[in-house]
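Okay, structure first, notes after.
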Amino acid sequence: MKTGFLIDMDGVIYRGSELIPGADQFIDVLLRQGIPFLFLTNNSQRTRRDVQTKLQRMGIHVEESHIFTCAMATARFLAKLKPNGTAYVIGEGGLLQAMHQNGFSIVDHSPDFVVVGEGRTITLNALESAVDMILGGAKLIATNLDPSCPTKNGTRPGCGATVAYLEAVTGRKAFSVGKPSPIMMRAARKELGLATSQTVMVGDTMDTDILGGVQMGYRTVLTLSGGTRKEDLNQFAFGPDVIVDSIADLRDVGEFVQTSLPLGNRDDDTVTNFAAWAAANA
Ligand SMILES: [Mg+2]
């Protein structure tokens, strides 16, 4: 049976700039066996190419097409809402490039959207401009709502914190496209051409990766190599299908899919062959 993987990066493939042991071998197996996969990241800062280079330096050699960021998901979604629209962007290269590639002009007054991503160069001036634009009618869009991100030295404020600031000032609620939003989760599956039952989400964060996968009816694998500990699971009403210490535990992919991933009730599958489906359900 065909299976493909949506794979979170931070806390699953690497921590900061350090490769998680065995992650490179797992990706190698996917490449060699032609198993479809996509890296799914809620970091809008880097472009696909930047991410590809970061991975390459850690010994993981993939194509740009293996990378799907929340910046890409956001820009594609907004381009459908408003082709050739305008945006004021609080964020960096990855988000700016994605917006441009999807036909947006970046402006500094009267935009259709104020789009927020992460970055190290956010100023109070930019936030103040954004407030005026939002109160003037621009829609507040978040690439993701992650409040913070663990770093080598501690914690850095995330996109969600910037968005919360803008929401507090304006009284408007942001619309978010990144994980766990079904918009990004579904777009990723479609990108691989997989059906719901063929899709496995691997991640280290319950609120984004696992919740996103559960909402879509994908099978989910939680890795304990990142921000979540086993005892944290009690806090959640939902849970992953499988828990592993590290993505290295998935190296024997075929066997893992056969023995560890429950098939469950797959009535919610996307119908890819209507004639066959209709015959089976007649
Ligand atoms: Mg992660």
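All positions are counted from 1 along the displayed chain.
Positions of Cβ are set from backbone N, Cα and C atoms, glycine also.
Residues or ranges marked as active site, nucleophile by TrEMBL: Asp8. Long-range Cβ contacts of Asp8 (active site, nucleophile) within its own chain (separation 6+, distance under 8 Å): Phe39, Leu40, Thr41, Lys179, Met201, Val202, Gly203, Asp204, Thr205, Thr208, Asp209.
Residues or ranges marked as active site, proton donor in TrEMBL: Asp10. Over all protein chains present, the Cβ of Asp10 (active site, proton donor) has 20 other Cβ atoms lying within 10 Å.
Among the features that TrEMBL reports, Mg(2+) binding site is placed at Asp8, Asp10, Asp204. Look at Asp10 (active site, proton donor): DSSP puts it in a strand.
For the recorded site, Lys179 (substrate binding site), the DSSP three-state label reads coil. Here TrEMBL flags Lys179 as substrate binding site.
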- Query: From Asp8, Asp10, Lys179, Asp204, which recorded positions have a C-beta atom under 6 Å away from some atom of ligand 1?
  - Reply: Asp8, Asp10, Asp204
- Message: Taking 10 A as the limit, how many CB atoms besides its own sit near the CB of Lys179 (substrate binding site)?
- Response: 30
- Counting only residues outside Asp8, Asp10, Asp204 in the same chain, those with C-beta within 8 angstroms of the Mg(2+) site's C-beta centroid are Met9, Gly11, Val12, Ile13, Gly203, Thr205, Asp209, Thr223, Gly226, Gly227
